[in-house]
Amino acid sequence: MPSINRSKTKTPMPSQDAKLRSKNFNEVALGYTEEDAINEAQRCLNCKKPSCMEGCPVQVQIPRFIKHIAEKNFESAISVIKETNSLPAVCGRVCPQEEQCEQKCVLAKRGDPVGIGRLERFAADWERQQGVKIPDKANPIGKKVAVIGSGPAGLTCAGDLAKLGYDVTVFEAFHEPGGVLIYGIPEFRLPKEIVKQEVDFLKKLGVKVQTDMVMGKVLTVDDIFEKGYEAVFIGTGAGLPKFMKIPGENYLGVYSANEFLTRINLMKAYKFPETDTPVKVGKKVAVVGGGNVAMDSARSALRMGAEEVYIVYRRSESEMPARKEEFEHAKEEGIIFKFLTNPTRIIGDEKGWVKGLECIQMELGEPDASGRRRPVPIKGSEFTLDMDTVVIAIGTGPNPLLIEATEGLKLNKYGYIETDEDGRTSKEGVWAGGDIVTGSATVILAMGAGKKAAQSIHEYLQGK
Amino acid sequence: MFQIIDKKDLAPSIKQFVVDAPLVAQKARPGQFIILRIKEGGERIPLTIADYDTQKGTITIVFQEVGKTTKELGTLKAGDYLADFVGPLGKAVEFSNHKKVLGIGGGLGVAPLYPKLKMLHENGAEVISIIGAKTADMLIMEEEIKAVSDKTYVCTDDGSKGRHGFVTVVLKELLEQGEKFDEIIIIGPPILMKIGTEIAKPYNIPIMVSLNPIMIDGTGMCGGCRVTVGGETKFVCVDGPAFDGSKVDFDELMKRLQTYTSEEKLALDKYHSERGACKCHQ
Ligand SMILES: Cc1cc2nc3c(=O)[nH]c(=O)nc-3n(C[C@H](O)[C@H](O)[C@H](O)COP(=O)(O)OP(=O)(O)OC[C@H]3O[C@@H](n4cnc5c(N)ncnc54)[C@H](O)[C@@H]3O)c2cc1C
Ligand SMILES: Cc1cc2nc3c(=O)[nH]c(=O)nc-3n(C[C@H](O)[C@H](O)[C@H](O)COP(=O)(O)OP(=O)(O)OC[C@H]3O[C@@H](n4cnc5c(N)ncnc54)[C@H](O)[C@@H]3O)c2cc1C
Ligand code: SF4
Ligand code: SF4
Ligand code: FES
């Protein structure tokens, strides 16, 4: 029997020193050692009715895998996790655990919850170091399925179907697969090598990945059916950047977070001129927004050499949707937070470059539809922050490119694809899931949707 | 990987490639463009589809060597491969029953003008074209343009061929002589499109221009290519690249094209110095 650790606090995770890391793109959180992991695993009470699992959208068998870690049986631990979660190295790093599994852990009532995410990451990293075993290929069923988009939703759906023996092809618009995991979430939070290895794993399962395929332009969904595919899963994400529609948004030095992060992550602007794509980061940078995307943009700006980086958010700290860990990390690195502040105008110089951000002070009023108190402007409280770069990270919408080229897809009033519980759309043989259905959500929810759809596609094709 | 099947030098620093890209060729229409990347780590650059052959599965591109990526592209030969070739992107242009059109191409703009005029010509419209370049040897695709035009005016800035002066001078003359067109298409550097639009605007003839902002994805996900058209923000890669010239804020476009001037110079200097140091090119 493993011994029990009664500590009320999580075993700390070693991380790069804040001063040092704010100048490089290496991973911030360094991960548990074997001792750390066993120590943390020994905090888990192995509850008979594990409430933690209720918080996990894909029902990872949390106490079972943690028990294996406590017993130093890492191989069993990872195989338990992989029964329900095909991207544990990713989820262990980026899941908002404090709102999911860890929030529901009984220990959270009287101290820190078990560090479930950290343990999940540990198990996945351990497996990668050993060299991931490739499962035997399933017997081919002889049916082709197409997956559009290679974010977590598409990759999960593709993997599950390949394991069942389907001939799966993933069509991705970019030159590299991975979706937001590649172009959005920065290297220092999720090393791209991990995403690459996950994709390689799928390829070894037999999944074909075709990059450079902007679906809707090069091929339509109907073309895919004509090519002999019998089902299609759409996982194209919510990639349409929103702007604030305030004056001055087209000044030079104003970026959408999508552009800013794509230049840095996908195009590797942090290695410019070794790589060919630049990004312009001034001395003083303002990032507008309060989610993960805003944190990632701000922390990236710092690493690109900005001297002062502000996060300008119209609500207060407690309403911020970003993961807690990212917020803490951002503060440690010296990001300056301007809460209850809303931009009203971007100010430029004669050459068209940004030179300032005019803002107005806000106060919290009555709760709005989201249940959060609505920020209302305080009259006459305008002030200007001097800035030379502004990054707008106030959310995204559905990209209409594929949708417009696909006949018979029912959309909801915001333009996202409407599906039933299993991800089935109004178009025969077409499923959808992830951000293109829910709007910007999380990696694990997108994966869950991909998984459900794969199951439903399997049932459908078996009946055919 | 996408193979370059054929390479031609059209003018000093202007080159033409025919690229094997059957899927793109199958869907390509006039007005659309592709985005290519030479190799891993390279930049994604947009280039207009200058011609396409659905049967052979090829796309023709014409490019001018202006910076690091286009210069490097120019060193590739027939038989070489491009890492990425994405398309067809952007909206195809459509013309409703045009009887008579005027097409104006300045410099490199002659290349994107060609597929549009070709389509109009095939649809039976009367096509008048004005093409120009700085000097005679910089003029491209003259034969191709003439083959799809009923009348072609050639201009050079230095007078070394055809009319001495800018293409806009001929535009002005034709309009002042009372020539009527169903549409005027102007493609070239932003300043040419701006001036051309200003000249033509009072005549109440629809003006089509094709914009060339800096792009990354070409699918509407970054917003980097945004321009103001009729007071609204548009993403050129998905809403364009063709727009009603009379509504475009050209000054903003020209400013935004300057965003990376210093970085572009840095990249080019580095490229030159590395190539200089490379023995194979000495
Ligand atoms: C900067 C940033 C940070 C984030 N941080 C977190 C976090 O810490 N934790 C968390 O849980 N979530 C986070 N999220 C949210 C999370 O990444 C998304 O919810 C998730 O990636 C959605 O997955 P998806 O598969 O639906 O779509 P995406 O990941 O968006 O992938 C969609 C893919 O489809 C491709 N595509 C689009 N259109 C086409 C087309 N027409 N043809 C072919 N391919 C197409 C796209 O190129 C892309 O590769 C973050 C998001 C961003 C942007
Ligand atoms: C829809 C579209 C279609 C295009 N079609 C063609 C084409 O058919 N043939 C062709 O030669 N070029 C075309 N361009 C322009 C081409 O993409 C740029 O010339 C190229 O990206 C420059 O890359 P570079 O690294 O060689 O030069 P850079 O070092 O990036 O730039 C060098 C110089 O070119 C200017 N420049 C940079 N980007 C652009 C741009 N997008 N448009 C115009 N000037 C730019 C810079 O201001 C700078 O002065 C098109 C652009 C767009 C958006
Ligand atoms: S997948 Fe996410 S929510 Fe589920 S157990 Fe792992 S970290 Fe928690
Ligand atoms: S609720 Fe907490 S203590 Fe109980 S099994 Fe889950 S992780 Fe362990
Ligand atoms: S190039 Fe990114 S939106 Fe147009």
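Cβ atoms are placed via backbone N, Cα and C, with glycine included.
According to TrEMBL, the domain 'FAD-binding FR-type' annotation covers B:1-95.
Sequence-distant neighbours of B:Gln64 (FAD binding site) (same chain, 6+ apart, CB under 8 A from its CB) are B:Ser13, B:Ile14, B:Thr70, B:Gly107, B:Leu108. For B:Val62, B:Phe63, B:Gln64, the entry in TrEMBL reads FAD binding site.
Sequence-distant neighbours of B:Cys237 ([2Fe-2S] cluster binding site) (same chain, 6+ apart, CB under 8 A from its CB) are B:Pro46, B:Leu89, B:Gly90, B:Met215, B:Asp217, B:Gly218, B:Thr219, B:Gly220, B:Cys225. Feature annotation from TrEMBL assigns [2Fe-2S] cluster binding site to B:Cys222, B:Cys225, B:Cys237.
Applying DSSP to the domain 'FAD-binding FR-type' (B:1-95) sorts its residues as follows: 13 helix, 44 strand, 38 coil. When the Cα atoms are compared, B:Cys222 ([2Fe-2S] cluster binding site) and B:Val62 (FAD binding site) turn out to be 26 Å apart. Cβ neighbour density within 10 Å is lowest for B:Val62 among the binding-site residues B:Val62, B:Cys222, B:Cys225. B:Cys222 ([2Fe-2S] cluster binding site) falls outside any helix or strand according to DSSP and counts as coil. Spatially close to B:Phe63 (FAD binding site) yet at least six residues away along the chain are B:Ile14, B:Lys15, B:Phe17, B:Leu47, B:Thr70, B:Leu73, B:Gly74, B:Leu108, judged by Cβ distances under 8 angstroms. Within the set of binding-site residues B:Cys222, B:Cys225, B:Cys237, no residue has a CB atom less than 6 Å from any atom of ligand 2. Contact annotation for chain A: of the listed binding-site residues (B:Phe63, B:Cys222, B:Cys225, B:Cys237), B:Cys222 place their CB atoms under 8 A from a CB atom of that chain. Across the domain 'FAD-binding FR-type' (B:1-95), the model assigns an average pLDDT of 94.
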